[in-house]
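If you check TrEMBL, you get these features:
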TRANSMEM  12-35  transmembrane segment
TRANSMEM  47-70  transmembrane segment
TRANSMEM  82-100  transmembrane segment
TRANSMEM  106-132  transmembrane segment
TRANSMEM  144-166  transmembrane segment
TRANSMEM  172-190  transmembrane segment
TRANSMEM  251-276  transmembrane segment
TRANSMEM  288-307  transmembrane segment
TRANSMEM  319-338  transmembrane segment
TRANSMEM  344-364  transmembrane segment
TRANSMEM  385-403  transmembrane segment
TRANSMEM  409-433  transmembrane segment
Amino acid sequence: MEDGIGGLRHMLTTVFFSAFAGFMVVPVITDVTVAAVCSGPDDSCSLAVYLTGFQQVAIGMGTMIMMPVIGNLSDRYGIKTILTLPMCLSIVPPVILGYRRDTKFFYVYYISKILTAMVCEGTIDCLANAYVAVNIHGSTRISAFGILAGIKTIAGLFGTLVARFLPIALTFQVSAISFLVGLVYMRIFLTEKLNDDDHHRGTYHQEDHDSINATMLAEPILNETPIKTQVFHKKYSSLKDMISLMKTSTIFFQALVVTFFSSFSDSGMESAFLYFLKARFGFDKKQFADLLLLITIVGSISQLFVLPRFASAIGERKLLSTGLFIEFINMAIVSISWAPWVPYLTILFVPGALFVMPSVCGIASRQVGPGEQGKVQGCISGVRSFGKVVAPFVFSPLTALFLSDNAPFYFPGFSLLCISLSSLIGFFQSLLIKDVPTPPLNKAINKTSGEEV
């Protein structure tokens with residue numbers, strides 16, 4: 001496998017196809033849902049909000065269980081092998097709505113989406129992050145995470161742009177084709193080394209033991225704990241393994257707490273934001289697409305060019321705190337939108353929100369060795385899924401209540417204000433993560449040699 005970020009091109013292409021297919025349906029699914037379950041196209045009925053919330057809960061519960069298992073299996077059997085299943089299943093839901101979108105077929109899609117997304121939702125991102133963590137080391141890793149996120153955002157840009165001009169039926173058909181092309185491309189071009197435990201042990205002792213020690217010393221950021229080349233002792237995922245890592249690494253535990261609150265707020269925005277715009281300002285498919293298009297343009301530029309520079313200048317922890325605080329400001333302003341142009345204005349704050357997860361992944365990936373990145377990224381994805389489970393229980397009823405005529409007081413964006421407070425809590429938690437600089441490679445080697453002697 002090629003060294004450096006250039007060696008990631010096949011994984012980046014796979015992520016692009018899958019993200020392109022996923023983002024295409026985002027601007028149209030709200031209108032499709034309302035048309036299928038509500039009495040009129042302009043009716044923001046509570047049923048559509050509750051259905052979206054229930055779907056998020058069901059998918060989140062499934063992925064919360066599946067992500068750690070999938071991450072662990074990818075360490076054992078290889079990322080390419082495990083990635084095949086979710087990419088196959090992702091094709092099914094858009095095929096259904098590409099055929100018909102009446103009430104009956106919508107519910108068929110709804111059920112199939114829940115069942116397939118329990119395995120597919122976030123799996124490609126999780127495995128792609130693990131792939132980056134395994135193949136990119138040192139200070140360039142956070143840049144690689146940023147590029148990966150940037151490619152996904154660019155895919156969202158093109159997906160939203162295509163959805164802006166295509167008919168609804170054709171949008172779902174093109175989405176299904178894109179998933180299929182991504183699957184075929186991945187199976188043909190993506191290469192990897194299987195992260196088998198026995199293979200790693202043999203490699204460490206037979207090839208270059210000193211270089212592995214240097215790598216492990218240059219990457220972990222644990223405080224007051226001995227550096228270990230292996231944290232997990234079993235080949236298959238277990239809750240005990242995750243708890244062991246969280247107890248061993250305070251930084252990793254704090255990163256998981258930040259992940260939960262970030263996911264909690266993101267999931268709340270996902271379930272409330274578009275319905276808020278539709279009820280408050282009468283947004284439709286075209287306006288959704290325009291807004292998402294601008295968001296993805298700003299996001300892709302920030303992730304590809306701004307994030308790597310900021311990460312090297314201020315460090316991952318400060319970048320994480322900055323992103324969370326900007327995300328709080330963004331959602332707080334959206335919650336008090338007084339005109340249709342206000343959500344467009346807040347696009348200026350989008351880069352901050354997109355800094356969060358690459359920073360978390362970069363911090364967490366330095367807690368373990370290359371053979372256990374799937375487990376760590378799976379654990380992060382599991383916590384993100386847990387946030388997605390909890391958020392709809394809170395924000396779906398809250399959104400439906402304050403968008404209805406029975407609201408206790410007039411504040412249509414009240415649920416969005418509560419969502420912003422979740423990001424603020426994550427911001428305060430991120431301040432507790434200690435900045436532990438990576439030791440220079442030569443000093444790390446000398447220090448280890450001295451301790452061994």
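Every residue, even glycine, has its Cβ placed from backbone N, Cα and C.
TrEMBL does not curate its annotations; it predicts them automatically.
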Proximity of the transmembrane segment (409-433) to the transmembrane segment (47-70), 3+ C-beta pairs under 8 angstroms: no
Cβ-Cβ under 8 Å with the transmembrane segment (251-276): same-chain residues at least 6 beyond its ends: 30, 44, 48-49, 52-53, 56, 60, 221-223, 245, 283, 288, 320, 324, 327, 331, 334, 353, 356-357, 360, 363-364, 367, 376, 379-380, 383-388, 390-392, 394-396, 398-399, 403, 412-413, 415-416, 418-420, 422-423, 425-426, 429-430, 432-434, 436
Stretch in 82-100, 106-132, 344-364, 385-403 most in contact with the transmembrane segment (319-338), if contact is a CB pair under 8 A: 344-364
Segment proximity, the transmembrane segment (172-190) to the transmembrane segment (12-35), 3 or more C-beta pairs under 8 Å: yes
Contact set, same chain, for the transmembrane segment (106-132): CB under 8 Å, 6 or more residues outside the stretch: 8, 11, 14-15, 18-19, 32-33, 36-37, 51, 55, 58-59, 61-63, 66-67, 70-71, 74-75, 79, 82-83, 85-87, 89-90, 92-93, 96-97, 141, 144-145, 148, 152, 192, 361, 365, 373-374, 376-378, 380-381, 384-385
Result, the transmembrane segment (344-364) in contact with the transmembrane segment (82-100) (3+ CB pairs under 8 Å): no
